[in-house]
Amino acid sequence: MNFLHFGRNFDLVLDFGFKPIFWTLPLFLAALYGLLVLHHFSRLWLLPGFLVLLGIFFAFPSFFAMIFGGFFALAFLLALTDWRDLAVPTWLNFSLVVLGFVALFGVLDPWQRLLESFGLLGIFAFLQNLGRYFMKKEMLGDGDLIFVLGLCLVFGWVSSMEAIFLGSVFGMFFVCIRGRVPMPFISFMSIGIFFDFLLGLLDV
């Protein structure tokens, strides 16, 4: 068994074996293939998402299994929906925020995490209004802001910013390939947090 920190700002040390983590990665990549290659939404790709959820439960038999597994399951469904419709169900997005508030029971300083989360939400709300005023278009949707809040409540602001950065990099490749089309930002933030999560587990 190996003792590794998840990210540089997480509060607890997790005990797990390497094997469960690595067999979840191909399942996520299969789901990612469905997002990037298939041109229509298929319920078949819900299966890899829930298999990833089961893999995380297997890797973390604890309270954190429910938090991480629940987050990635919801994020996967939101990513699929955002990819298809460029919009997400409000109830599903707020479910992520509720999960984030539950996650506060497992951190050492919940008030700091809460302040970080709403601070990051405020920054993105400012950027949203900046885009509306100067560029006369919607750079960030309300659904993106709610997702950022849930993301930060669960993972903290450092991992959230890393995930947003990675998601933006993937998004730029998407724009280069597909041209000037609307970008499903929640989909790419979900990809970003998964890879940041994986790198944190490997202590990279």
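Including glycine, each Cβ sits where the backbone N, Cα and C put it.
Per TrEMBL, the features are as follows:
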{"type": "TRANSMEM", "residues": "20-38", "note": "transmembrane segment"}
{"type": "TRANSMEM", "residues": "50-80", "note": "transmembrane segment"}
{"type": "DOMAIN", "residues": "71-175", "note": "domain 'Prepilin type IV endopeptidase peptidase'"}
{"type": "TRANSMEM", "residues": "86-107", "note": "transmembrane segment"}
{"type": "TRANSMEM", "residues": "114-134", "note": "transmembrane segment"}
{"type": "TRANSMEM", "residues": "146-176", "note": "transmembrane segment"}
{"type": "TRANSMEM", "residues": "183-202", "note": "transmembrane segment"}
To the transmembrane segment (146-176), which of 86-107, 114-134, 183-202 is linked by the most Cβ pairs under 8 Å?
-> 183-202
Contacting positions for the transmembrane segment (114-134) when only residues 6+ beyond its ends and CB under 8 Å are counted = 100, 104, 140-141, 144-145, 148-149, 152-153, 156-157, 160-161
Grouping DSSP H, G, I as helix and E, B as strand, the residues of the domain 'Prepilin type IV endopeptidase peptidase' (71-175) number 92 helix, 0 strand, 13 coil
